[in-house]
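J.: A single structure is presented below for examination.
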Amino acid sequence: MSSRDNGRGVANAAPRSSTPPKSALRTFRRSVGPVVPIVPAAAIMAVFFVGPILWAVYVGFTDQGLTGAAALNPQWVWFDNFERLINDRDAHAAISRTVAYVLLVVAGQNVLGLALALLLQKRNKAMKTIASGAVVLAWVLPEVVVAMLWYAFLNTRDGTLNTILASVGLPGQSWLIDQPLFAIVIASVWRGTAFSLLIYSAALEEVSPESIEAAQVDGASGMQQLFYVVLPSISRLILTNLLLTTLQTLGVFGLIFALTGGGPGGQTQTLPLYMYEQAFRYNLIGYSSVIAIVLVVLGVILSAFYLYAFRKGSK
Amino acid sequence: MTLPSLAAPRPRLHAVFANVTLAIITLLFLLPLIWLVLASLDPGATLSLRAPERIALDNFVEIGTWELTFRPMMNGLIISGLASLLVVVLSALAAYPLSRYTMRYGDHFLYTVLFLSALPVTAIMIPVYTMFVRLRLVDSFLGCILFLAASSLPFAIWMMKNFMDGIPIEFEEAAWLDGASSLRTLRTIVLPLMTPGLAAVSIFQFILMWGNFFVPFILLLDPAKLPMAVTLYQFFGSFGVVNYGNLAAYAAVYSAPVIVLYLVVSRVFNGAFRLSGGAKG
């Protein structure tokens, strides 16, 4: 934000320019000129991103379908889709399932990412390269590949996990059948930890060494330094990261869709998968738009929850 | 414990503890990959973890056909390549005035962009599908590219602006005094100075789009147009009949470009690829 101020004097783009305009055309150029490069990006975002968002809200009030009469000529149905949502037990189950999934994944990847970032501080270059390399590798892999890897890893018959457990004398499990939520959570944490690690590593570099030294001089233990010096000084980035990872996790589709398909028996059917099913299997586009709105609202509620918790914590 | 002579062993113990813990976590992170590596080199692979009886490249040879591998790969390159190119060009253009000028609605625009970048794109896929049906953009590369670009632009603009803010303005002042237009200044002075940032944004965008499954899965129908993200899912979805060695090789081929790109970025720019743009919350 700060370096933007440098441009003011030279570019004369600010309306408060001191030199008097020489002609109307010139004034127009000066005030509109700087905006021109933004136009292509703004136009594409408006048509193909903001447009669909507004469209989703509109469609939520119609009986829009995928095929048949409801596709060609959808009717305005007011709050029918919202009423359906209120009475739809499967949707309620999907909402609570989604909240559980998101909270577990966000907690897992933030704790693991922060712990890794703390452990990686002051390590030698080789350790840093290898450890962060392995974690970030999990992040750059495409989500369908991740789903496949975890399918093989958690496979019942001689999957990697069961083979390892057997080698130390522990019984295996049909993880994807018996613990499906655990399966999608651990696969998502595995994939998402890198994001938190990258953000927390950058954040920890900004913590002033003086304040840590001061705490050490005062005789603070490692844990005390962490909780009273380090964490408070990066609290803003923790909050930002919680928000970002929550919104990312809410939108996870491909990983769950390819790993469990929402099953068994709908046990891993989060809202995005439920939305997809309502639209493409039951032909209910209008209703699935309402579910999309719920998904966004859920993001807003969770964000507000973090903001509230942080404000309370800092008091 | 208060004696100075006793202070030394503790940090060393701490370092040993940290290194051991890190080694264990690293190993745990690599575990799920072992099956992929072994199975892709094992002509008789199953879903089970086992050492190959014979290490061979048969799986890679068997999947090397136009319909199965090369066409989806080319489709993916066209979609992800063009979309990320579009995103980089448009976000650089948009970020320049946002970084350099004070504009009346500049901050409003930036906060809108930030808000949009946080929205889960998944939520609007179904409305996008019905909208694209009406616009006749379903099942076309153009529609898929435009949507991918539009949904990636908010974050890219934010990243690009943060990189641009880091470039000192003095060089441009000279060019402005010589009468160069702002677009010319951007092209000849600013962009060359922020090559690492540009590369980071392009590669980051490409990696995200190459791995994106939902967008092409919803917007493309013709099997001849599908990228590897979707064909791998179809391959993987045909359980039972599938040859797992081939499947593992296919996943390895599909993952190779992003792994190579990641290695290039982390090697060449050593640290520039830290989401620096996104991290400044």
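Any Cβ shown, glycine's included, is placed from N, Cα and C.
The model shown is predicted, which means the values in this text are computed figures rather than measured ones.
Pasting the feature list from TrEMBL:
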TRANSMEM  B:16-38  transmembrane segment
DOMAIN    B:73-265  domain 'ABC transmembrane type-1'
TRANSMEM  B:76-96  transmembrane segment
TRANSMEM  B:108-128  transmembrane segment
TRANSMEM  B:140-160  transmembrane segment
TRANSMEM  B:197-221  transmembrane segment
TRANSMEM  B:241-265  transmembrane segment
J.: Grab the same-chain neighbours of the transmembrane segment (B:241-265) for me: Cβ-Cβ under 8 Å, and only residues 6 or more beyond its ends, written as numbers and ranges.
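T.: 35-37, 39-40, 42-47, 58-60, 62-63, 68-69, 73, 199-200, 203, 206-207, 210-211, 228-229, 232, 235, 272-273.
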J.: Thinking of Cβ pairs under 8 Å, which stretch from B:16-38, B:108-128, B:140-160 has the most of them with the transmembrane segment (B:76-96)?
T.: B:140-160
J.: Sequence-remote contacts (6 or more beyond its ends) of the transmembrane segment (B:108-128), Cβ cut-off under 8 Å?
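T.: Same-chain contacts beyond the ends: 98, 147, 151, 153-155, 157-158, 161, 214-215, 218-219.
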J.: Same chain only, please: residues at least 6 beyond the ends of the transmembrane segment (B:140-160) with a C-beta under 8 Å from a C-beta of the stretch. Say none if there are none.
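T.: Same-chain residues near the transmembrane segment (B:140-160) but 6 or more away: 75, 78-80, 82-84, 86-88, 90-92, 94-95, 98, 110, 113-114, 116-117, 121, 128, 132, 197, 200-201, 204-205, 208-209, 212, 215-216, 219-220, 225, 275-278.
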